[in-house]
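Visitor: Below: one structure in structure tokens.
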Amino acid sequence: MLQVNEDVDKKVRGHSRASSDSSQFIQATKRDALNMLQKELDKLLATCEPYRTEEARKQFDGFSKLFTRFLDESGPSVDWNKIEKLPNDAVRDYCTLETPTADLVHQMLDKLVVVKLNGGLGTSMGCHGPKSVISVRNDLTFLDLTVQQIENLNKTYKVNVPLVLMNSFNTNEDTEKIIRKYKNLDVDIHTFNQSCYPRVNRDSLMPIAKTGVIDSDIEAWYPPGHGDFYESFKNTGLLDKFLKQGREYCFISNIDNLGATVDLNILNSLLNPDHKHSKPEFVMEVTDKTRADVKGGTLIQYEGKLRLLEIAQVPKEHVDDFKSVKTFKFFNTNNLWAKLDAIDRVLKEDLLHMEIIINNKTLEKGQNIIQLETAVGAAMKTFEGCIGINVPRSRFLPVKKTSDLFLVMSNLYSLKHGSLKMSPQRMFPTTPLVKLGDNHFSKVKEFLERFANIPDILELDHLTVSGDVTFGRGVSVKGTVIIIANHGDRIDIPAGAILENKIVSGNMRILDH
């Protein structure tokens, strides 16, 4: 039988449904929901493939804890009036970090593990399989660029920094096939799977899966967000392995953030702090918030500790305050550094308590379901001596949409050893704002068909493209350019065109002769 949190169970069992008090009624229905869920999970466990039973038992225990908390918690997880001003020393400026001497770098890198969150699919960009295998530059994928970065690090400093990929059941099989091609490279690659939890019917709060064999109905299961990293990292034995090797920190980031490279100045500040600082257990890289980032998580001081505040935790009446660039100056890049022995301690003492993200979805069959998820950065409040580091924007270069792909494929960046660097010919360090219309540009295949090659954007501030628009070879866009083809119209931007501070609309066809 799966374990239920006993305190919650006692609290729930202590009420009788006969009472007219609404809170008692709610508690009783929670007890019923919990008991019914346990029975369903036991049935699913009994139908798992034998080789998966122990793994599934651990994962269902994790799901049970999450579900119990979901039933037990009501209202926003943050009391808005308790948010405190960030202390002056809470966020360190990257510019104040010292560059380590060459003789230190080797021993520093021996203490590091690099973790990439690789659980996402490329479906939002019209691609099949893991997002990490989308080509982003010179026919190289996110995974290729990541491996190149680590290989270059290992060769340059004669070290063996391991690369760990956290896959999901959606990406694991494809990723395992792909990483075989790296076997002759100077990179030690480890993979593990994050948990696989059952999706729950929104009305009945029961799992929609009928069997524990995941492949028989893959839509009935989901990976529970990257907050699952800590438990799964421990359960697979990798945490213990790296601790025995004498490694101290892991650097965690999204695989689609092309700016998230190993930074020696940050690593040095963790491993060799000055006399005023001790080694922090958890570091969150933040960067200055712009109007494009208003929905991103931010760093707050709450009940005397630093923590991550996500928009989902904000009471509705304070959402505008949350989005204010003046009130909350930083946002979370999801580049995180965590001390390995601290992760081990927090898990052993059962202190991990991340806010639950309730993700409502409607499946293809029309079923309304909920997914209970957590975010990896939300664990910050569990650790001691946490800090933020305000890093340059160049460390946050995510590719979530084809408009991001447009930027990283352009001449705005050059590629060296798997790392993208902004061109020195760009007069200012900010990234242009690019908006490409969903109907014609949202899928990678369609997007690529609309450009003979990516335009020169070194002097671009803002580009909006909407409707049926194509670009010839060698186009240059500068300043603010808006191109709108209305419904039924088509605009072909001719090869070699230079558009500077222009609005283009209507119908413009370039005919082949």
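Backbone N, Cα and C define each Cβ position, glycine as well.
TrEMBL: automatically predicted annotations, no manual curation.
Per TrEMBL, UTP binding site is recorded for Lys131, Gln194, Gly225, Asp256, Lys400. If you look up TrEMBL, you'll see His226 marked as substrate binding site. Taken from TrEMBL, the feature region 'Disordered' covers 1-24.
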Visitor: How long is the line from the C-alpha of Lys400 (UTP binding site) to the C-alpha of His226 (substrate binding site), rounded to the nearest angstrom?
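Guide: Per the Cα atoms, Lys400 (UTP binding site) and His226 (substrate binding site) stand 16 Å apart.
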Visitor: Given the binding-site residues Lys131, Gln194, Asp256, which lie close to His226 (substrate binding site), meaning Cα to Cα within 10 A?
Guide: Gln194
Visitor: Determine the Cβ neighbour count for Gly225 (UTP binding site): the number of other Cβ atoms within 10 Å of its Cβ.
Guide: 24
Visitor: Tell me the Cβ neighbour count for Asp256 (UTP binding site), meaning other Cβ atoms within 10 Å of its Cβ, over all protein chains shown.
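Guide: Around the Cβ of Asp256 (UTP binding site), 22 other Cβ atoms lie within 10 Å.
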Visitor: Within 10 angstroms of the C-beta of Gln194 (UTP binding site), what count of other C-beta atoms is obtained when all protein chains are considered?
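Guide: Other Cβ atoms found within 10 Å: 27.
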Visitor: For the binding-site residues listed here (Lys131, His226, Lys400), which one has the lowest count of neighbouring CB atoms within 10 Å of its own CB?
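Guide: Looking at the binding-site residues Lys131, His226, Lys400, the Cβ with the fewest others within 10 Å is that of Lys400.
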Visitor: Would you mind pulling the longest C-alpha to C-alpha span across Lys131, Gln194, Gly225, Asp256, Lys400, which the record has binding UTP, in angstrom?
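Guide: Site span for UTP, by Cα atoms: 21 Å.
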